[in-house]
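All remarks here apply to the structure that follows.
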Amino acid sequence: MSVTFVDLFKIIISAAFIENILLARYIGLCPYIGMSTNISNSLGMGMAVAFVMVLSSIVTWSLWNYIFIPLKLEYLRIMVFILVIAVLVQLVEILLKKNLPNLYRAMGIYLPLITTNCAILAVTFFGVDYNYNLLQVVIYSISVALGFTVATVLLAGIREKLRYAKVPSFYRGYPMAFIVTALLAIAFIGFKGLIK
Amino acid sequence: MKQFWFYFKNGIIGENPVLRLMIGLCSVLAVSVKVENCLAMGAAVIFVLTCSSIVISILRKVIPDQVRIPIFIVVISTFTTIVDLVMKAYLPPLSKAMGVFIPLIVVNCIIMARAEAFASRKPLLPSIADALGMGIGYTLVITAIGVVRELFGYGSILSVPLLPETYQNMMFMILPPGAFLLIGIYIGVLNHLSRRVNK
């Protein structure tokens with residue numbers, strides 16, 4: 001199956017905006033709500049997510065297509081994928097600490113959180129469920145991470161402003177973050193007609 | 001026995017996993033479109049949570065501290081796989097409706113958090129109480145959201161039509177924004193109530 005540029009462009013737009021993993025599919029909400037208190041934090045988180053997401057979907061995609069399907073081990077999928085992600089996160093953490101201390105300082109603290117980030121696991125599942133080839137999987141996971149970062153940074157920006165707003169005391173913090181998310185999600189529904 | 005009830009109630013009211021600890025949100029919002037999905041999801045979470053708490057609590061003295069997280073993951077994913085396969089085999093429509101969220105129970109922070117914070121430290125009976133309480137607390141919240149969303153979104157509850165024929169379904173409630181708005185309101189109201197009780 002050959003892949004044209006238009007196909008890839010469609011994957012990018014639909015994964016990043018139309019089917020935004022946070023606002024349209026409700027996946028990966030814990031770090032989204034927890035880490036979006038200021039913009040630099042959420043950028044760091046987004047970078048870390050992008051990094052691990054691309055790596056883990058390449059690894060799980062190769063495992064799935066070259067080992068699992070030939071050996072008919074599909075039922076082990078959940079267990080193996082989550083273990084692969086956990087191991088990868090550990091490896092990345094060790095490698096970054098040793099070789100790229102600057103990058104480690106920027107995104108190191110977010111890495112342990114990522115193991116239990118459902119967005120990563122979900123993307124590895126979708127990557128094999130949609131029958132993508134390797135190039136498509138890479139593009140898909142990058143664009144999902146892009147969508148994740150856009151949504152988190154948007155919410156973080158709004159929450160920074162909200163600190164000066166007069167919100168009823170029992171709605172401060174999480175409740176208000178959710179209500180803002182609802183408004184963001186309405187805005188993202190606007191992207192729906194983009195691809196036919 | 002008194003202790004059992006203490007831990008049991010703690011999960012439902014005191015430290016409700018969803019509204020108080022802000023964990024396990026994804027499946028709450030995604031599945032709560034219909035009450036029947038909520039109940040099935042609740043049952044799945046209670047099963048996985050209780051079984052993995054039992055296993056981890058029994059093995060807590062054998063598990064070496066350094067590798068406890070991977071071991072927890074293996075235990076939890078075993079039970080999740082069981083739920084996933086059983087649902088695919090016996091309840092295919094439900095399994096389809098919930099899609100990826102059944103496998104995602106594995107990364108549901110509630111289960112990992114309870115394994116780490118409770119089951120790996122406490123004996124068997126309190127662990128079971130804690131798991132049941134947390135599971136039921138989760139199910140209550142998800143059902144409370146599901147009732148409102150199904151009533152306004154489809155005009156029915158448990159697929160039984162309740163509102164008159166002329167009712168126009170409110171698409172907003174079925175779409176993601178409705179879920180976000182509802183959970184925001186719920187958390188706010190709970191904050192308000194708990195502050196008044198504490199005064």
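From the backbone N, Cα and C atoms, a Cβ is placed for every residue, glycine too.
Residues of the same chain lying 6 or more positions beyond the ends of the transmembrane segment (B:39-59) and with a Cβ under 8 Å from any Cβ of it are 24, 27, 31, 71-72, 75-76, 79-80, 83, 87, 91, 94, 98, 101-102, 105, 108, 110-111, 114-115, 118-120, 122-124, 127-128, 130-132, 134-136, 138-139, 142-143. The transmembrane segment annotation in TrEMBL covers B:39-59 (among others).
Beyond its flanks by at least six residues, the transmembrane segment (B:71-91) meets 40, 44, 47-48, 51-52, 55-56, 59, 63, 98, 102-103, 105-106, 111-112, 115-116, 120 of its own chain at Cβ-Cβ distances under 8 Å. Taken from TrEMBL, the feature transmembrane segment applies to B:71-91 (among others).
The transmembrane segment annotation in TrEMBL covers B:97-115 (among others). Among residues of the same chain six or more beyond the transmembrane segment (B:97-115), those with a C-beta under 8 A of the stretch's C-beta atoms are 17, 21, 23-24, 26-27, 30-31, 34, 37, 40-41, 44-45, 48-49, 52-53, 56, 72-73, 75-77, 80, 83-84, 87, 130-131, 134, 138.
Among the features that TrEMBL reports, transmembrane segment is placed at B:127-147 (among others). Away from its own ends, the transmembrane segment (B:127-147) comes close to residues 3-13, 15-19, 24, 27-29, 31-35, 37-39, 41-43, 45-46, 49-50, 52-54, 56-57, 110, 114, 118-119, 157, 179, 182-183, 186 of its chain (Cβ-Cβ under 8 Å, at least six residues beyond either end).
Marked as transmembrane segment by TrEMBL: B:167-189 (among others). Panel annotation: around the transmembrane segment (B:167-189), residues 18-19, 25, 28-30, 32-33, 141, 144-145, 148-149, 152-155 of the same chain, lying at least six beyond its termini, place a Cβ under 8 Å from a Cβ of the stretch.
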